[in-house]
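> Before we start, here is the structure in question, set down as C-alpha cells.
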Amino acid sequence: MNTQFWIVQIFNGVSYGALLFLVGSGLSLIFGVMRIVNLSHGAYFLWGGYIALSVIWATGSWALSLPVAALAVALIGVAMERLFLRSAGLEWLRNAVIAVGIGVLVSLAINTRAPQIIGGVWPQFVLIAIVAALAAYALLSRIAVVPIENDVLRQVLLTVGFAFLFQQAALDIWGGNNMDINPPAELTRSVQIAGMYVPLYRVFMIAMAVVIGIALWLAMEKTRMGAAVRATVDDAQMARGIGIDTNRISMFIFALGAFLAALGGVIGGAFLGVYPGLDFEMLPLAFAVVIIGGMGSLGGAAIGALAVGLADNFGKALFPELSYFTLYAPMVLILAIKPVGLFGRE
C-alpha cells in the first residue's frame, strides 16, 4: 500500500461523503426544526433517481432531470408534511385522502374475495369505493387526533409506513431491475490531478456538495429566513412567541430536505444505480451522518458525511469483513461521548 493507494482511498471517501452530505443535511434540518423522525427520507433519494430516469427517457436531458426530479420530490414532501405530519387546518383534506384510500382498498378487497358482487364492472367498483370512503370519512372526522409532533412512536410508524408505500409504488411503476443514470459524456472521462487519473464524475460530486453547502450556509446565516430557521431550531416555542411562523418554516425545511435527498438520488444514480431497496440502504447512512454531526447543524452534517464516507471506504478497502463495524463505530463512539453529536445543541 503506497502513497497513491491512500490518496485514492481518501478521494473516494470524500466523494462518497459529498453524496451523503446531500442526504444527511436535509434529514438533519428536518429533525432539527420539526423534531420529527422521518424514516421515509431514504425514499426521497430513491424517487429522485427514478423520476430523473423518467425525465431522461422522455427528453434525453440529464441536466434537466436534476431540477425536475428534485422539485417533484420536494412537492411530494410538502404534501406529506402538510397533510400528515402538520395538518393543522387541513384535517378535512387529510381525512378525505385517507378515506379515499380506504374506499379503494375496500373495493379491491371485495373484488378479490367476492368477485361476484362487483363482477369487474367499473360503476359498481366506484360505487362501493364511494360508500366505503364516505363511511371512513365520517368516522375519521369524529376521532380526536393528538398532533403527531408530540408522539415519537406515531412519527416512526407513519413515516416508515410511507417508506414502504413509496418503495412499493416505485417497484410497481419502474420495475425491480437495477438501472443506471447515465450522465453526459463530458462527466464520464477521467482527469489527471497531481499525476493521478481520477473519475471526473467524482470531482463533480464533490463540487456539487461544496456549492450546495456554501449556498445553504449563506441562506441560513445571512438571510432573514435563515435567522427564523435557526431560531426555530433553538426553541420553537420561543420562536412562535416572537411572531415567527413556525408552520411555514417547517414546510420550507421539509421541502428543502426532500429536494436535497432527491438531488442526491439523481447524482448518486450514476454512482450507485437505482433499484428497489436503495432507500433503506441509504437511510441508516443518513442517520449516521446526523448522529455524528448533530441535529440541525449544516457544519455537523458536513463533518458527519466526511466521517461516514471515509470510514465506509477505508473499511471496505482494509477490513472488508469488518466493513459494517468500521462504518458505524464512529457513530457509536460519538453517542457514548456526546449524545447530541459534535455540533448538536443540548
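Even glycines carry a Cβ here, placed using N, Cα and C.
Those TrEMBL annotations? Automatic predictions, nothing curated.
The following feature annotations were taken from TrEMBL:
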TRANSMEM  6-31  transmembrane segment
TRANSMEM  43-60  transmembrane segment
TRANSMEM  66-85  transmembrane segment
TRANSMEM  92-110  transmembrane segment
TRANSMEM  122-140  transmembrane segment
TRANSMEM  152-170  transmembrane segment
TRANSMEM  200-220  transmembrane segment
TRANSMEM  249-273  transmembrane segment
TRANSMEM  285-310  transmembrane segment
TRANSMEM  322-343  transmembrane segment
> Quickly jot the same-chain residues contacting the transmembrane segment (322-343) by Cβ under 8 Å, restricted to those at least six beyond its ends, or write none.
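Residues packing against the transmembrane segment (322-343) from afar: 285, 288, 290-295, 297, 299-300, 303-304, 307-308, 311-312, 314-316.
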> Would you kindly list the residues that approach the transmembrane segment (285-310) from elsewhere in its chain, counting only those six or more residues past its ends and only Cβ-Cβ distances under 8 Å?
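Cβ under 8 Å, 6 or more out: 10, 13-21, 23-25, 27-29, 31-33, 41-42, 209, 213, 216-217, 220, 233, 261, 327-328, 330-331, 334-335, 340-345.
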> Using a Cβ cut-off under 8 Å, which residues of the same chain at least 6 positions beyond either end of the transmembrane segment (92-110) come close to it?
83-84, 117-118, 125-126, 128-134, 136-137, 140-141
> Would you mind listing the long-range same-chain contacts of the transmembrane segment (6-31), meaning Cβ under 8 Å and 6+ residues beyond its ends?
37-38, 41-42, 44-45, 194, 196, 198, 202-203, 205-206, 208-210, 212-213, 216, 229, 253-254, 256-261, 263-264, 267-268, 271, 282, 285-287, 289-290, 293-298, 300-302, 304-314, 317
> Can you name the far-off residues of the same chain, 6+ from the ends of the transmembrane segment (200-220), with a Cβ under 8 Å from a Cβ of it?
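Long-range Cβ neighbours of the transmembrane segment (200-220): 11-12, 14-15, 17-19, 21-22, 25, 183, 186-191, 193, 226, 229-230, 260, 263, 267, 270-271, 298-299, 302, 305.
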> Applying the under-8 angstroms CB criterion, which one of 43-60, 66-85, 249-273 scores highest with the transmembrane segment (152-170)?
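Between the stretches 43-60, 66-85, 249-273, 43-60 has the largest tally.
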> If we skip the immediate neighbours and take only residues 6+ beyond the ends of the transmembrane segment (66-85), which ones have a Cβ under 8 Å from one of its Cβ atoms?
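Tertiary neighbours of the transmembrane segment (66-85) are 34, 36, 40, 44, 47-49, 51-52, 55, 93-94, 97, 148-149, 155, 158, 162, 250-251, 254-263, 265-267.
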